Amino acid sequence: MAAPEKMTFPEKPSHKKYRAALKKEKRKKRRQELARLRDSGLSQKEEEEDTFIEEQQLEEEKLLERERQRLHEEWLLREQKAQEEFRIKKEKEEAAKKRQEEQERKLKEQWEEQQRKEREEEEQKRQEKKEKEEALQKMLDQAENELENGTTWQNPEPPVDFRVMEKDRANCPFYSKTGACRFGDRCSRKHNFPTSSPTLLIKSMFTTFGMEQCRRDDYDPDASLEYSEEETYQQFLDFYEDVLPEFKNVGKVIQFKVSCNLEPHLRGNVYVQYQSEEECQAALSLFNGRWYAGRQLQCEFCPVTRWKMAICGLFEIQQCPRGKHCNFLHVFRNPNNEFWEANRDIYLSPDRTGSSFGKNSERRERMGHHDDYYSRLRGRRNPSPDHSYKRNGESERKSSRHRGKKSHKRTSKSRERHNSRSRGRNRDRSRDRSRGRGSRSRSRSRSRRSRRSRSQSSSRSRSRGRRRSGNRDRTVQSPKSK
């Protein structure tokens, strides 16, 4: 038989183990409780987060709705403004269209009115023409009837109040001054062709190679190298000696000028002024149609009598700004300055003729303008000629010497004063002042010498005249003494 099993009872744990198991159980429960609390907190937090997210979404939706509403209102405002602008633009277009239609209607009415007037005028002209033709035909029939009847016939007399009025035009200044105009017959101004004049014009009588080639200067600049001004002037001298005696054979020539302009209407023109119109007419009848240098001369009367107005004064001093395009006369200088009186229009002033004017003009040519000016000033300061003329020239010479000494003293004193003032100045200024003072003193000495020479010559002429008069008196008185 088997031995009976021995019953075993669990051993009672010790107090230490019991307490450890109890603490373990407590920690487990605490962990379970913390897990339950954690699970419940997470769910609450998630719920709070969900509610917060929902609130945010609602707020965003509200904001979006408000923004959508604001944009819609702005769009409505813009649409209203655009509709208003479109309405105003439409009204303006309609108003402009109405105005244009009104203008077109007025223009059409004006055009129709003008067409109607033109038709009426044409009809009236046609009627007048028809009436004139009928009247003319009637007159012709009447004239034919009169001729058939054997009576004399003539053109009808014009009405008493009928006048042919020429359009009033201004005179051409260039033709009046130079006798030629660059427009010729196409000029819009009036050319008064003289029927008689003391001046004869021969167009293009003087020709040279240089004057013929002047038209080619624009296309051939080297053409001017084939001739010179000296050659042209020498040809003018030959021409002058060749033709002037022929003109002088007709009458007295008081002016002879040859134009050296390059303009076609002035090129080579020859101007000859006679003392009388009869001599000029004789020259015209003699030279017109004659041949010279292979060309037939075309002579005509020229209105030029004042050469100061015709001749370009700036060309004589080589300062003419227009050059070859100048419309005033550029003339060759006559040899020995012949006919210089006519250049100054001396023959036109009757009170300035005679030998006295010739002497004064020669003296004016010899003397400079500066000396002439100062001599005129001193002449004004001189006393009257009744008191200045003495029995002999001694007193005048003494007075002139006395004035010369006084002027010399004045100049010496002024020099001393000037030197005393200019000592403290620099050398450049003193040199410039001394040069100016020297030029003034030289001009004064020249005027003084000319005045002395004139006074001495006048005193000598007066003394000679008195001696001659005394001799005449003696010869007249000698028969009486006998």
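Using the three backbone atoms N, Cα and C, a Cβ is placed for every residue, glycine included.
Annotation comment: Swiss-Prot describes 1-59 (among others) as region 'Disordered'.
Residues of the same chain that lie 6 or more positions beyond the ends of the compositional bias 'Basic residues' (14-31) place no CB under 8 Å from a CB of it. The compositional bias 'Basic residues' annotation in Swiss-Prot covers 14-31 (among others).
DSSP assigns LYS45 (SUMO2 cross-link) to a helical segment in the three-state reduction. Cβ contacts within 10 Å of LYS45 (SUMO2 cross-link), excluding its own Cβ and spanning all protein chains shown: 10. Annotated SUMO2 cross-link per Swiss-Prot: LYS45 (among others), in sequence order, evidence recorded as a large-scale study or a structure entry.
Marked as compositional bias 'Acidic residues' by Swiss-Prot: 46-58.
Following the DSSP three-state reduction, the secondary structure of LYS62 (SUMO2 cross-link) is helix. Annotation comment: Swiss-Prot describes LYS62 (among others) as SUMO2 cross-link.
Residues annotated as region 'Disordered' in Swiss-Prot: 115-135 (among others).
Annotation source Swiss-Prot lists zinc finger at 166-194 (among others), citing sequence analysis. For the zinc finger (166-194), the residues of the chain that approach it from at least six positions outside its boundaries are 201, 203, 263-266, 269, 271, 300-304, 306, 309-310, 327-329, judged by C-beta separation under 8 angstroms.
Annotated domain 'RRM' per Swiss-Prot: 198-304, in sequence order, evidence recorded as sequence analysis. Across the domain 'RRM' (198-304), DSSP assigns 47 helix, 24 strand, 36 coil.
Looking just at the zinc finger (306-333), the mean pLDDT is 87. Annotation comment: Swiss-Prot describes 306-333 (among others) as zinc finger, evidence class sequence analysis.
What Swiss-Prot records for SER349 (among others) is phosphoserine.
Among the features that Swiss-Prot reports, region 'Disordered' is placed at 351-482 (among others).
Positions annotated as compositional bias 'Basic and acidic residues' by Swiss-Prot: 360-375 (among others).
Residues or ranges marked as compositional bias 'Basic and acidic residues' in Swiss-Prot: 383-398 (among others).
Feature annotation from Swiss-Prot assigns phosphoserine to SER384 (among others).
The compositional bias 'Basic residues' annotation in Swiss-Prot covers 399-412 (among others).
The annotation compositional bias 'Basic and acidic residues' is assigned in Swiss-Prot to 413-435 (among others).
Straight-line distance linking the Cα atoms of LYS45 (SUMO2 cross-link) and LYS62 (SUMO2 cross-link), rounded to a whole number, equals 25 Å. If you draw a 10 Å sphere around the CB of LYS62 (SUMO2 cross-link), it holds 10 other CB atoms from the protein chains shown. DSSP labels the residues of the compositional bias 'Basic residues' (14-31) in these numbers: 17 helix, 0 strand, 1 coil.
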